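According to TrEMBL, the feature active site, proton acceptor maps to HIS65. Summarising the annotation, TrEMBL assigns Ca(2+) 1 binding site to ASP66, VAL69, GLY71, ASP73, SER75, GLU86. Under the heading substrate binding site, TrEMBL lists PRO164. The heme b binding site annotation in TrEMBL covers HIS194. Annotation comment: TrEMBL describes THR195, ASP246, ASP254 as Ca(2+) 2 binding site. Here TrEMBL flags CYS34-CYS116, CYS67-CYS72, CYS122-CYS322, CYS201-CYS233 as disulfide bond. As annotated by TrEMBL, domain 'Plant heme peroxidase family profile' applies to 24-326. Look at TrEMBL and you will find 1-23 tagged as signal peptide. Annotated site 'Transition state stabilizer' per TrEMBL: ARG61, in sequence order.
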Amino acid sequence: MQIQDFHFLPFFLLLLLSTGCFAKLHHNYYHNSCPNVESIVRAAVKQKFEQTFVTAPATLRLFFHDCFVRGCDASVLLHSNNHTSEKDNAENLSLAGDGFDTVIKAKAAVDSVPECKNKVSCADILALATRDVVALTGGPSYAVELGRRDGRISTRKSVRHHLPLPDFGLDQLNAMFARHGLSQTDMIALSGAHTIGFSHCKHFSKRLYSFHSKNRIDPTFNPSYVDELKRECPRNVDQRIAVDMDSRSSFTFDNVYFKNLQMGKGLFTSDQVLFTDRRSRETVNLFASNNSAFEEAFVVAMKKLGRVGVKTRNQGEIRIDCSSLN
């Protein structure tokens with residue numbers, strides 16, 4: 001059954017299904033088949049990261065986009081000659097190639113070890129690589145549960161209505177995350193990943209030039225931030241120009257993202273609403289004042305995210321090539 005159908009099930013059945021899936025994941029899953037998988041992936045990711053910082057936000061975003069559509073099964077990596085796979089959906093066209101390349105290179109490194117060849121799924125490699133880029137940028141490291149299989153289905157249509165949009169309000173964000181068993185606190189902590197992310201002018205230019213207010217500017221914006229963004233994204237500029245999500249510490253995984261929200265410097269409506277809405281403001285203030293609290297909540301949320309819709313055993317496969325079915 002597809003993820004989007006879960007909310008029609010009685011809660012106890014949903015809990016039973018989800019528990020059964022991630023109960024098959026465990027930290028030492030490859031202990032016998034590929035005991036050094038974590039160090040192999042970490043070395044490959046570090047090498048890629050040293051070549052370009054974009055490796056970090058690109059891989060982290062790729063993992064999120066994968067898990068929220070059909071579950072954490074590496075289906076976002078699949079290529080289609082007729083452009084009908086998940087990666088071809090408009091919401092995924094902005095996924096940076098460095099994220100895909102990170103998984104490809106880590107997979108090649110794993111498969112270069114004879115005892116590991118074709119033993120480790122692309123889904124698990126993506127989960128490990130995501131943990132590693134967070135740590136490489138100064139964020140927390142954490143144990144990753146393993147044992148996922150790679151999904152065999154990837155469709156452009158399946159992405160629709162499954163990823164949060166830049167103009168989402170708190171209710172929309174909570175509803176979407178709740179469908180995957182993630183709480184409001186989880187959602188806010190995961191939003192903190194924007195501390196190393198980047199976006200493009202088209203995703204927030206409406207807040208600068210055509211907002212429904214007297215001066216056409218979103219009033220929740222900090223005026224100095226408006227000036228800064230207008231310099232980076234002038235009216236009628238190429239909408240593909242990249243802008244840092246965190247204007248103050250875009251190369252470090254930290255809690256400055258939440259401090260920015262307190263000052264009206266959230267790039268998206270879906271960022272700034274976390275502070276402007278009183279129901280979520282307290283959590284933003286906590287994370288802004290206590291980096292350890294943010295990191296702890298982020299780790300909890302990432303572990304829960306990594307369990308979403310996983311395939312195990314004969315529910316999927318271990319792809320030889322991450323971009324194509326066996």
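Glycine residues also receive a Cβ, built from the backbone N, Cα and C atoms like all the rest.
Closest to VAL69 (Ca(2+) 1 binding site) by Cα-Cα distance, out of the recorded positions CYS116, THR195, CYS201, CYS322, is CYS322. Rounded to a whole value, the Cα-Cα separation of CYS34 (disulfide bond) and GLU86 (Ca(2+) 1 binding site) is 29 Å. Sequence-distant neighbours of CYS72 (disulfide bond) (same chain, six or more apart, CB under 8 Å from its CB) are PHE63, ASP66, ALA123, LEU126, ALA127, ARG148, LEU305, GLY306, ARG307, VAL308, GLY309, VAL310, listed in sequence order. Within 10 Å of its Cβ, the residue among the binding-site residues ASP66, ASP73, GLU86, ASP246, ASP254 with the fewest other Cβ atoms is ASP254. Remark: SER75 (Ca(2+) 1 binding site) has ASP66, VAL69, SER85, GLU86, ASP150, GLY151, ILE153, SER154 as non-local neighbours, by Cβ distance under 8 Å and separation of at least 6 in sequence. Note: the Ca(2+) 2 site is recorded as THR195, ASP246, ASP254; in the same chain, GLY192, HIS194, ILE196, ARG248, SER249, SER250, THR252, PHE253, ASN255, VAL256, TYR257, ASN260 also have Cβ atoms within 8 Å of that site's Cβ centroid. All protein chains included, CYS201 (disulfide bond) registers 19 other Cβ atoms within 10 Å of its own Cβ. Confidence across the domain 'Plant heme peroxidase family profile' (24-326), taken as the mean pLDDT and rounded to a whole number, stands at 96. Other residues of the chain with a Cβ within 8 Å of the Cβ centroid of ASP66, VAL69, GLY71, ASP73, SER75, GLU86, the Ca(2+) 1 site, are HIS65, CYS67, PHE68, ARG70, CYS72, ALA74, VAL76, GLY151, SER154, SER158, GLY309.
One residue stands out among the recorded positions ARG61, HIS65, HIS194 for having the most other Cβ atoms within 10 Å of its Cβ: HIS194. The most densely surrounded of the disulfide-bonded residues CYS34, CYS67, CYS116, CYS122 is CYS122 (count of other Cβ atoms within 10 A of its Cβ).
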